[in-house]
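Listed in TrEMBL:
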type: ACT_SITE; residues: Asp8; note: active site, nucleophile
type: BINDING; residues: Asp8, Asp10, Asp172, Asp176; note: Mg(2+) binding site
type: BINDING; residues: Lys149; note: substrate binding site
Amino acid sequence: MIKLVLSDLDGTLTEERNTYKLNLTIIEKLRIFEENGIKVAIVSGNSFPVLRGLHNYLGFSGGVVAENGCVVFFKSKVKVCKDMDKRKVEEFKERYKVKDSWQNLYKECDFSFTPPELKADMREWANINGMYINSSGYAIHIAFNPAGKNIGVRKLIEMHGLNKNEVAAIGDSLTDLEMFEEVGLKIAVSDAEEELKRSANLIINTKDERDLSAFMKKVIGGEFEYR
Ligand SMILES: O=C(O)COP(=O)(O)O
Ligand SMILES: [Mg+2]
């Protein structure tokens, strides 16, 4: 029985990938999970203050995994990654001519940059520096290893006292592959990265009310039972 649903933010709770406007249809549906005792958490590359605020205003109670796995909140807040060395941020920006996300001002471990195109030489640089690097489709993210949504999700599930088969996750990008490693039920949105769709158990069109309702009914009815 699913007791916790993890949702990515950018590209998953938004109307389209590459926009920031929230998709009110999916948010309304996620609230029905909450009304049925299934908690909803946000797992995202965004900063903690943004996600912590959204979590309450959207009516969720499952907590937050911010900064791509580095900051976890459920009743209390814990940091599970090393702090960023700001000299590395400056070096990365200078070398690859990328721009700070406005949210870097509020970040501690994972820093993000635009444009989101991840190049082979950037991966090499990260490797040499012992750093995690990935792209959400909205931004490039760097953090000291170990980092990634899997680290934070593991901690959040432990804080809830659940096992992975009681947890579902919804996502759109390659950063969500890491979140998928930690959960039983893996859901990709219909315009997700092909690689994510291949590793999903289910693909849903989050703008199609009927598709969403059918999925919700199955989750609430306990149809996704793992033994
Ligand atoms: O912070 C970003 O780049 C996007 O974040 P998300 O897709 O993990 O919500
Ligand atoms: Mg996303």
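Please read every residue number as a count from 1 along the shown chain.
Using the three backbone atoms N, Cα and C, a Cβ is placed for every residue, glycine included.
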Counting other Cβ atoms within 10 Å of each residue's Cβ, which of the recorded positions Asp8, Asp10, Asp176 comes out lowest? Asp10
Taking the center of the Cβ atoms of Asp8, Asp10, Asp172, Asp176 at the recorded Mg(2+) site, which other residues in this chain have a Cβ no more than 8 Å from that point? Leu9, Gly11, Thr12, Ser44, Ser136, Gly137, Ile170, Gly171, Ser173, Thr175, Val189, Ala192
Distance between Asp176 (Mg(2+) binding site) and Asp8 (active site, nucleophile) at the Cα atoms, whole Å? 8
Lys149 (substrate binding site) and Asp8 (active site, nucleophile), Cα-Cα, nearest whole angstrom: 10
For Lys149, Asp172, listed as binding-site residues, tell me which one has the smallest number of other Cβ atoms within 10 Å. Asp172
Less than 6 Å between Cβ and the nearest atom of ligand 2 is the rule; apply it to the recorded positions Asp8, Asp10, Lys149, Asp172. Asp8, Asp10, Asp172
If one measures from the C-alpha of the residue listed as 'substrate binding site' to the C-alpha of Asp10 (Mg(2+) binding site), what distance in angstrom results, rounded to a whole number? 14
